[in-house]
Amino acid sequence: MKNEKINILNLTQEELTELLVSLGLKKFYGKEVFIWLHKKITRSFDEMTNLSLKDREILKEKTYIPFFNLLKYQVSKIDKTEKFLFELEDGGTIETVLLRHKDSKNKEIRNTLCVSSQVGCPVKCSFCATGQSGYMRNLSVSEILNQIYTVERRLRKKGENLNNLVFMGMGEPLLNIDNLSKALSIISNENGINISKRKITISTSGVVSGIEKILLDKIPIELAISLHSAINEKRDKIIPINKNFPLEDLSAVLIEYQKQTKRRITFEYILIDNFNISETDANALADFIHQFDHVVNLIPYNEVEGAEHTRPSVKKINKFYIYLKNVRKVNVTLRQEKGSDIDGACGQLRQRNKKGDN
């Protein structure tokens, strides 16, 4: 049965080599099979033609290559954003989003993939569709990789590739740091898809222990903080994990992060009407982030069914933006919406699928 076989996509090149040797295959096949799995992204042992038929049969008998079932697919008519709803082996579902944009010269298409790290999310941010849908479990290494590989295979058919990865999909990446770290080592392997860790961004709600592990393991990724308020009392209300990792602790670990990495930190700030867009909120935000080399990304709230929050008017959004930029001299951007004509907010497509909506 499949569940008695080894999921071969979960293994690093070193682990794969050890497995193949234990199965009686030659040691150098470790690199060859790794290339088939992670660079060529094959989904069949039969395609591994530089292995003998006998060795391929051994792999079929003892291991398997997992793949996703695509439940739903949406593409934006406005900006060509693509959204995928995948079904996992145990019936769980996750979302992955492909963001397509022109480069600075407005010529070549750049492809950024927004990747999920968990089935649901335990953080339960009040503004997030994923948080409303509950939490099931962490994604395995292969489930993280398969999001990337499934989309990369589609792009290759059009002569394109993935350029950047952002772990801003479903789940809190730093609560799945072990599997995420292992997946990153495979992704950045020169014998694999070989996406540099410097082109990978991890977005976190502020899991201080996870940021500490990034520093300890010297994982050279870009970091984005889902801040959304620089006032503890307010942040507690919308991001419950702030009670465990308050702003003072977050600030301390980010100071150390920037000291060690010399990298700019992105702060994401969802604009919620009548909650976090006053001048007091703007000043608190500016005071908090001015100690860092930073960019603040303002995100107008994408309304979620069942959530109590609402989106501010364009006038209020612009007032907040201009005050930060011109008065407080914050390095701030206003996010250009992607996929606004499809289920754009994280978790919305999954939520609709659960309800049986089309």
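Yeah, the Cβs are placed from backbone N, Cα and C, and that goes for glycine too.
The active site, proton acceptor annotation in Swiss-Prot covers E95 and is backed by sequence analysis. Reduced to three states, the DSSP call for E95 (active site, proton acceptor) is strand.
Annotation source Swiss-Prot lists active site, S-methylcysteine intermediate at C346, citing sequence analysis.
Under the heading [4Fe-4S] cluster binding site, Swiss-Prot lists C121, C125, C128, citing sequence analysis as support. In the three-state DSSP classification, C121 ([4Fe-4S] cluster binding site) falls within coil.
Neighbour list (G171 (S-adenosyl-L-methionine binding site), Cβ cut-off 8 Å, at least 6 residues apart, same chain): S116, S117, Q118, V119, G120, C121, T130, N138, L139. The annotation S-adenosyl-L-methionine binding site is assigned in Swiss-Prot to G171, E172, S203, S226, L227, H228, N302.
In the three-state DSSP assignment, the secondary structure recorded for C114 (disulfide bond) is strand. The feature disulfide bond is assigned by Swiss-Prot to C114-C346, with sequence analysis given as support.
Per Swiss-Prot, the feature domain 'Radical SAM core' maps to 107-335.
Listed in sequence order, S117, Q118, C121, P122, V123, T204, S205, V207, I241 are the same-chain residues at least 6 apart in sequence whose CB falls under 8 Å from the CB of E172 (S-adenosyl-L-methionine binding site). The two recorded residues, H228 (S-adenosyl-L-methionine binding site) and C125 ([4Fe-4S] cluster binding site), have Cα atoms 10 Å apart. With G171, E172, S203, S226, L227, H228, N302 listed as the residues that bind S-adenosyl-L-methionine, the site has a largest C-alpha separation of 19 Å. Confidence annotation: the domain 'Radical SAM core' (107-335) carries a mean pLDDT of 95 in the model.
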